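Pulled from TrEMBL, these are the features on record:
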{"type": "COMPBIAS", "residues": "C:1-23", "note": "compositional bias 'Basic and acidic residues'"}
{"type": "DOMAIN", "residues": "C:34-120", "note": "domain 'Pyrroline-5-carboxylate reductase catalytic N-terminal'"}
{"type": "DOMAIN", "residues": "C:262-404", "note": "domain 'Ferric oxidoreductase'"}
{"type": "REGION", "residues": "C:1-26", "note": "region 'Disordered'"}
{"type": "TRANSMEM", "residues": "C:215-233", "note": "transmembrane segment"}
{"type": "TRANSMEM", "residues": "C:263-285", "note": "transmembrane segment"}
{"type": "TRANSMEM", "residues": "C:306-327", "note": "transmembrane segment"}
{"type": "TRANSMEM", "residues": "C:360-380", "note": "transmembrane segment"}
{"type": "TRANSMEM", "residues": "C:392-413", "note": "transmembrane segment"}
{"type": "TRANSMEM", "residues": "C:433-456", "note": "transmembrane segment"}
Amino acid sequence: MPDEMARPLIRERGEGRGSRRLEASMSDPGAPVVGILGTGDFSRSLARRLVASGYQVVVGSRTPKRSAALFPEEAEVTSQMEAASQADLVFVAVFPEHHSTLVELKPALAGKTLVDVSNGLKISLEGPSNAEQLADLFPESSVVKGFNTISAWALQMGPRDGSRQVFLCSDSSTAKSSVIQLCRRMGFVPVDMGLLSSSLEVENLPLYLFPSWRIPLLCTLSLFVFFYLYNFVRDVLLPWITARKSVFYKMPIETVNVTLPSVALVMLSLVYLPGLCAAFLQLWWGTKYNRFPNWLDRWLTRRKQFGLCSFLCAVLHAIYSLCLPLRKSARYKLLNMAAKQVKEGVDDSWVDEEVWRMELYLSAGIVALGLLSLLAVTSLPSVSNTVNWREFSFIQSTLGYCALSMATLHTLLYGWGRAFDPTQYRFFLPPTFVLVLILPLTALLGRLALCVPCVAGRLRQIRRGWEKSRHIRFTLPDDGCRNGLEDVSHV
Amino acid sequence: MPDEMARPLIRERGEGRGSRRLEASMSDPGAPVVGILGTGDFSRSLARRLVASGYQVVVGSRTPKRSAALFPEEAEVTSQMEAASQADLVFVAVFPEHHSTLVELKPALAGKTLVDVSNGLKISLEGPSNAEQLADLFPESSVVKGFNTISAWALQMGPRDGSRQVFLCSDSSTAKSSVIQLCRRMGFVPVDMGLLSSSLEVENLPLYLFPSWRIPLLCTLSLFVFFYLYNFVRDVLLPWITARKSVFYKMPIETVNVTLPSVALVMLSLVYLPGLCAAFLQLWWGTKYNRFPNWLDRWLTRRKQFGLCSFLCAVLHAIYSLCLPLRKSARYKLLNMAAKQVKEGVDDSWVDEEVWRMELYLSAGIVALGLLSLLAVTSLPSVSNTVNWREFSFIQSTLGYCALSMATLHTLLYGWGRAFDPTQYRFFLPPTFVLVLILPLTALLGRLALCVPCVAGRLRQIRRGWEKSRHIRFTLPDDGCRNGLEDVSHV
Amino acid sequence: MPDEMARPLIRERGEGRGSRRLEASMSDPGAPVVGILGTGDFSRSLARRLVASGYQVVVGSRTPKRSAALFPEEAEVTSQMEAASQADLVFVAVFPEHHSTLVELKPALAGKTLVDVSNGLKISLEGPSNAEQLADLFPESSVVKGFNTISAWALQMGPRDGSRQVFLCSDSSTAKSSVIQLCRRMGFVPVDMGLLSSSLEVENLPLYLFPSWRIPLLCTLSLFVFFYLYNFVRDVLLPWITARKSVFYKMPIETVNVTLPSVALVMLSLVYLPGLCAAFLQLWWGTKYNRFPNWLDRWLTRRKQFGLCSFLCAVLHAIYSLCLPLRKSARYKLLNMAAKQVKEGVDDSWVDEEVWRMELYLSAGIVALGLLSLLAVTSLPSVSNTVNWREFSFIQSTLGYCALSMATLHTLLYGWGRAFDPTQYRFFLPPTFVLVLILPLTALLGRLALCVPCVAGRLRQIRRGWEKSRHIRFTLPDDGCRNGLEDVSHV
């Protein structure tokens with residue numbers, strides 16, 4: 001479902017322009033002149049967008065005659081030197097490896113603003129960035145990094161959805177200001193990223209592939225593999241080895257469906273454990289001005305992804321469970337049970353405890369899924385933007401712990417009775433529902449401990465700035481989410 | 001799933017800054033000077049954000065030496081008097097109860113712009129607001145209220161998602177303009193809230209906890225409790241009292257699953273009733289320039305929330321229903337029925353009418369749920385922003401009435417036959433599906449009545465401004481949604 | 001669930017204004033003066049919004065005395081001539097058919113900026129637009145088209161969600177700039193649409209009813225009707241005609257549930273076929289600078305809608321399938337089978353192949369649905385705005401092809417064995433799952449062909465600008481999505 005432009009608003013205007021149009025462009029000689037060096041796809045789209053936004057565009061090409069056909073009529077295509085001289089603001093849209101060919105333009109570009117739109121080919125962690133190299137080549141010009149996150153396609157179509165951000169950085173605030181203004185006039189949303197030393201980050205931006213999802217996804221996958229193998233060995237392989245009972249048909253659905261809720265519950269408790277760690281560390285230190293260890297910092301910032309992975313597993317678990325009675329295997333089993341019941345002359349096979357257990361754990365599961373869905377919906381950027389901090393923290397913290405409690409209850413009710421049944425431990429492998437309860441119960445008990453009045457009071461003091469010793473160290477963003485409320489009251 | 005910053009873009013720049021950086025800050029002495037009074041978390045985050053956006057920052061502290069370590073290097077930390085004198089725009093980030101300690105700065109602050117960032121501790125309905133009190137303390141300064149909805153966390157991280165709004169109000173438009181500009185340069189989206197008399201509202205903003213959801217949620221909850229008790233008494237308690245038939249196992253799932261669709265249908269009709277009330281009132285008055293009674297006004301603005309509550313109940317009803325065949329109780333019943341059928345020697349237990357009824361009401365239910373899902377998706381802010389009024393009103397009005405009709409049909413088909421079965425009224429308690437049909441049928445009939453040509457024509461006239469008597473009263477936003485189309489054509 | 005304003009922030013300020021307020025408006029005589037011609041709903045809402053944003057407002061009315069009561073106190077209501085003379089920027093908010101009545105104001109309006117806010121009554125493909133007609137009437141004024149997409153309701157309430165866009169176009173860049181500024185100050189997001197020749201498009205904007213959905217929806221509907229009739233004839237009608245076997249009860253659910261997955265799979269392959277066509281055309285031409293045929297261009301821009309239609313059908317298919325065991329018909333069948341099994345004395349009716357087939361195709365189906373859900377979620381505007389091109393193309397292309405493969409596998413496993421069963425072809429009508437596999441298999445084979453190293457290499461060359469002949473033609477946006485990554489690296 002690729003992104004696209006709903007309506008062809010900015011249509012081809014190259015043909016059939018009427019007299020009104022010509023007048024207009026005639027009457028507007030005072031429009032700022034913007035230069036573009038380079039004639040690739042990006043240059044062409046940029047030229048069209050600039051022309052559409054009312055700028056005079058001068059394109060510098062090494063082969064101006066051949067290139068002219070590629071650009072909109074209103075843009076002047078000339079030599080690189082000519083373009084560099086005419087414009088005050090020049091987009092450098094040539095390959096970074098060819099930046100050096102521009103050196104001859106140095107005098108013409110002195111004192112002007114150069115916008116470096118280049119990207120690297122792969123994520124680079126060590127500088128210098130393309131923009132810094134350009135700044136070293138042209139020390140007398142002001143280099144602004146930006147527009148590299150915008151594709152030729154987005155440039156040509158116009159930023160219709162209104163939130164295409166252009167990340168800008170520069171050492172010259174004057175140059176940056178003028179690019180910010182140009183940006184706005186083109187309809188983009190400029191985001192100031194500070195000095196040119198941020199340009200490496202800006203160049204890396206379009207090359208990332210879900211960096212914040214890597215650890216949560218890895219975590220989900222390895223938990224899945226572990227629990228799947230565990231359940232496979234316990235429920236499928238061992239019965240076959242010991243009793244030659246072939247239940248391999250369980251592999252695609254039943255084993256997966258025992259694995260998914262385990263992953264979901266562990267991942268959900270991993271959402272709430274780092275916040276508790278942070279709180280206990282702060283209590284231990286007696287101050288909030290200590291820097292958290294790096295792993296905790298990173299974990300805290302990945303909670304949303306952990307939560308969404310947990311939600312995905314929970315939803316899949318629900319769908320798999322709902323599919324269970326659909327299966328031929330379920331039908332065959334039911335038919336065989338009916339035949340057996342008739343054979344044995346049993347009129348009523350009702351077992352009240354089993355009925356109650358199932359009704360209750362299904363209820364708990366549905367409520368947990370409902371709460372998780374609310375959390376997931378409020379994680380959507382457009383929804384979380386409409387709630388204030390108090391509402392956000394209510395949903396993510398209060399409703400989140402409710403969801404964790406209900407999910408834990410669902411597991412407890414499911415395992416009820418069976419957890420103390422020795423036949424479940426035949427192969428010295430406890431059932432998974434026993435294993436997965438460790439972390440969520442830890443999280444819930446930790447949260448309860450923080451509710452004890454004296455602990456809660458001390459924590460509140462600490463988060464309001466109180467310190468055990470008055471040795472103040474530098475503060476860092478710590479537990480942004482749970483601090484939210486205190487933050488806004490500026491305490 | 002707490003909100004977080006995907007990539008650490010604005011990294012610690014306190015350490016390891018190269019020479020380029022120093023040059024840059026040297027070469028930029030003309031940057032505007034912004035003052036901050038106060039040294040709390042908010043002040044520090046604000047200082048970093050201002051520095052990153054290219055401002056010169058002067059922090060006024062009562063203990064400048066001790067506080068300096070807490071602020072970025074580029075910010076000057078000095079006495080309050082010094083800071084007040086140097087800056088033209090001063091953020092007041094001290095507790096409102098300490099505002100009076102700033103009185104000695106009055107001469108230094110005269111003629112300057114003060115930004116009050118404080119929040120109250122609880123929602124206050126009566127003024128004066130903190131900002132108004134500050135304005136009374138400093139009559140010669142221009143007070144702007146704002147930034148109170150922004151957390152220290154958001155300040156430090158930068159407004160990455162591009163829609164963090166800063167609500168501003170002030171009596172001085174010059175002062176407001178300069179803060180608006182600063183706001184934009186910091187990457188926030190300023191929203192002008194008018195004069196300082198709005199500051200109480202602005203101060204309350206971050207303290208609200210879903211105010212628009214209160215009534216719809218209360219409504220949903222009380223309907224749920226009512227219908228749950230009704231169904232419990234009718235389906236569980238009375239059979240036990242009269243016949244000692246224990247069906248208490250129905251409480252967690254079956255009774256809930258009869259209750260949820262009732263709530264969903266009633267809530268859905270409550271979405272469409274206020275619009276009909278408004279239309280009939282306008283027809284009765286013969287003008288659209290009459291103010292609606294307060295309850296109707298409020299009801300009209302809560303329709304989205306009513307609809308989403310209804311959708312939530314409908315989805316839960318679907319999940320509960322799909323869970324029904326999963327349950328042990330369903331399995332035991334099936335087994336017993338099979339045993340009974342065999343015992344009685346029946347070969348074919350097929351009842352054609354029952355089969356048809358169920359196929360049909362399931363279909364109607366699925367279609368209703370599908371339509372409601374479309375409505376819910378278009379209620380997401382980012383989706384509703386991409387549709388125009390005509391599309392929005394098509395979805396919410398046309399598709400909405402289709403959903404209501406299908407849901408009503410689902411209920412009618414479900415109850416078909418049984419509604420006229422005297423055994424259903426044993427305890428003088430009609431089945432719930434009879435009760436819940438009252439409101440949706442009223443809504444559908446009311447809508448039909450508005451489609452009668454002469455009524456529809458008159459209503460169209462009225463909404464285009466026609467009046468029975470020419471006595472014109474002051475207009476108010478009335479039926480925004482259904483008026484939408486007319487509004488845009490400026491009739 | 002109509003849109004609404006969560007909190008009544010901009011409250012009635014007509015009453016109870018204190019002295020501070022009056023001072024403020026007194027002290028602000030330098031605020032720009034904006035004129036409004038016309039006294040309809042839109043004019044009134046506009047006046048309130050302008051006043052709230054700090055502008056001095058002069059309303060020109062033909063009956064100033066009567067109209068004054070309708071406007072906020074701060075706005076001056078006077079004669080049209082007076083208003084036209086006082087203001088530099090004048091909103092023309094009268095019906096386009098009454099524009100000619102304003103001709104007498106021509107001298108007063110000369111050299112001023114006129115904002116035409118009118119809309120047409122229906123979509124018009126041929127000019128001149130209202131704005132162009134106004135420009136012809138007032139050749140000495142600068143006409144800006146805009147604000148027509150904003151409703152009176154949105155004006156009054158303020159653009160709370162921050163992305164209400166105002167589309168502007170004008171032949172005078174000075175006039176446009178001033179309106180852009182005003183727009184921003186009112187809190188709207190101006191989008192520059194170029195010259196006044198775009199005004200027809202801008203006027204049509206609020207009149208569109210999902211233009212980009214028309215073809216995909218038509219496609220979905222006709223596929224649905226075709227497959228439904230095909231399945232009805234094959235599964236319901238023919239058994240009745242040939243064997244008098246009445247299975248009409250299958251019509252509402254079972255036939256629909258065979259039809260929906262067919263539509264979903266065909267629609268999903270239609271998402272990926274145009275991209276493949278484009279790639280093969282480029283390979284054939286040996287250049288990317290050829291214009292695609294119009295139908296392909298349009299198809300490429302509709303892929304998102306095709307995908308979402310496919311997703312909708314897939315979700316409905318899942319819900320219908322999950323409903324299957326709920327039905328009375330399923331229960332009766334099961335009971336009869338149990339009775340039959342007992343009668344025949346079969347103890348174990350287990351068929352291993354059937355069990356495996358079903359477990360496998362259910363798994364594949366669930367995975368396909370999960371992947372499609374991820375694609376659908378990333379299609380939400382607010383989510384797709386947070387990912388970069390590389391991430392977007394990974395999701396839409398890589399995950400998309402995974403979903404297509406899993407969906408095809410689901411169908412293959414479902415039909416496995418039965419596809420070669422002659423009884424399935426009794427009436428010379430192959431089962432639908434055979435028919436629907438044609439397109440997805442074509443798409444998957446085509447994609448595989450593009451992965452052959454020599455083909456892939458040539459395609460990469462072409463997309464980087466290489467050409468078989470050096471005859472360069474004008475470039476057009478072609479395969480935006482799949483080109484995305486190359487685009488951003490500015491090759």
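Keep in mind that glycine also has a Cβ here, set from the backbone N, Cα and C atoms.
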> Among C:215-233, C:263-285, C:306-327, C:392-413, which stretch has the most Cβ pairs under 8 Å to the transmembrane segment (C:433-456)?
Replying inline: C:263-285
> For the transmembrane segment (C:306-327), which stretch among C:215-233, C:263-285, C:392-413 has the most Cβ pairs under 8 A?
Replying inline: C:263-285
>> Which residues of the chain, 6 or more past the ends of the transmembrane segment (C:215-233), have a CB below 8 A from one of its CBs?
In response: 251, 255-256, 258-260, 262-263, 266-267, 270, 298, 302, 305-306, 308-309, 312-313, 429, 432, 435-436
> Hey, which bits of the same chain come close to the transmembrane segment (C:392-413), Cβ under 8 Å, at least six residues off its ends?
Replying inline: 261, 264-265, 268-269, 271-272, 307, 314, 357, 360-361, 364-365, 367-368, 371-372, 374-375, 378, 384, 433, 436-437, 440-441, 443-444, 447, 481-482, 484-485
> Would you list the DSSP helix, strand and coil counts for the residues of the domain 'Ferric oxidoreductase' (C:262-404)?
Replying inline: 121 helix, 0 strand, 22 coil
